[in-house]
Amino acid sequence: MSGRIVQIIGAVIDVEFPRDAVPKVYDALKVSDTETILEVQQQLGDGVVRAIAMGTTEGLKRGLDVVNSGSAISVPVGKATLGRIMNVLGEPIDEAGEIGEDERMPIHRKAPSYAEQAASNELLETGIKVIDLVCPFAKGGKVGLFGGAGVGKTVNMMELIRNIATEHSGYSVFAGVGERTREGNDFYHEMQESNVLDKVSLVYGQMNEPPGNRLRVALTGLTIAEKFRDDGRDVLLFVDNIYRYTLAGTEVSALLGRMPSAVGYQPTLAEEMGVLQERITSTKTGSITSVQAVYVPADDLTDPSPATTFSHLDATVVLARSIAELGIYPAIDPLDSTSRQLDPLTVGEEHYNTARGVQGVLQRYKELKDIIAILGMDELSDEDKLTVSRARKIQRFLSQPFFVAEVFTGAPGKYVSLKETIRGFQGILDGEYDDLPEQAFYMVGTIDEAVEKANNMK
């Protein structure tokens, strides 16, 4: 059934249909003679619906015919999507021909019911020391990478994808939501060079896209991940960046004429976040482990967008500018980062005690910093001097060369097993390496490499 455009305001388009054939909310409409797809957001009465454009509205004019597809936007799913880059509509944008999918699924679906959901306490080893030690990931859990501009969220995410694809040979889905096109391009070539592209499906809705596109692209990626999960696989879903999803929602909300709430965000912020996050879950057939980069505006974690995201996560990895300034990468704050899995019943006594020991030493060092700044190191007791020395070694040992950063650093990347991570940090806490210079611990993998580096420095 067709209607016609009656009003265009930016990305918002009003379409009039016969009263007995008004489209449902979330139905996809196609503007005739163009490739433009619209998604119905509101029914205004008198047969008029308000829709958001999924692409540019240039060249559209009043009176153009619009055809109702009668269903929501549907996208290709399954193995055909691996190694391909798609847009929000599931169309290929990598110039490698058709996707050739066997099946398509609508992007709007209900979250799995309570009966279908399954919880798991199995740990997912990432090979990144600071994450495995202080904020371990659960298989089928949700992780947030929080950080301001330029502290390394995307690089950390790329390293996680590389490590998990190489070491665990699982499928991953990457949804680029409102990020830089350059990063998307770098990411694609990085995956190609690491030979893991055939295990990753990529869905991009970058910064230059209209808000409707950026609001829905996360759902497109999630739908592809859900299909892998329903086929009995353990899949990883990477979203970069969840803040841009919220931001796109804010833009759409304003365009639809809703009254803004705190800090200008949409009044439906919590609900929109919930709709996405509740679908990212594990069922009895398979699991979705999700890693989401969360941009923190002005480094303020109390901003409504990151604050709303917090409540949905099992683990939070906080990237701190103060650590990046010291030249320690990954710039993860071991005192601010948390995980539900860091529990002696889940990770075991040894891991738990080592992690808490590391945090205790770093916390004490943080408290002593003021005294050192005013009075100097000489005024500290011998015990405190030892604590400071160990803390500085731990701080440097938390750094690690990344595979995806080899191009910038020139240092080969390192994957460190959980067993080696615990052994190294426990050794520093026990004082086994008190005689080594702290510089030996900087940018190495295992503790044995630190010892070797110290010997070479002599």
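Positions of Cβ are set from backbone N, Cα and C atoms, glycine also.
Taken verbatim from Swiss-Prot:
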- G147, G148, A149, G150, V151, G152, K153, T154: ATP binding site (BINDING)
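Here the features listed in Swiss-Prot are painted onto the structure.
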| residue | record | CB count, 10 Å |
| --- | --- | --- |
| G147 | ATP binding site | 26 |
| G148 | ATP binding site | 17 |
| A149 | ATP binding site | 11 |
| G150 | ATP binding site | 11 |
| V151 | ATP binding site | 25 |
| G152 | ATP binding site | 21 |
| K153 | ATP binding site | 27 |
| T154 | ATP binding site | 22 |
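In the three-state DSSP classification, T154 (ATP binding site) falls within a helix. According to its DSSP assignment, A149 (ATP binding site) is coil. Same-chain residues that are not part of G147, G148, A149, G150, V151, G152, K153, T154 yet have a Cβ within 8 Å of the Cβ center of the ATP site turn out to be Y295, L319.
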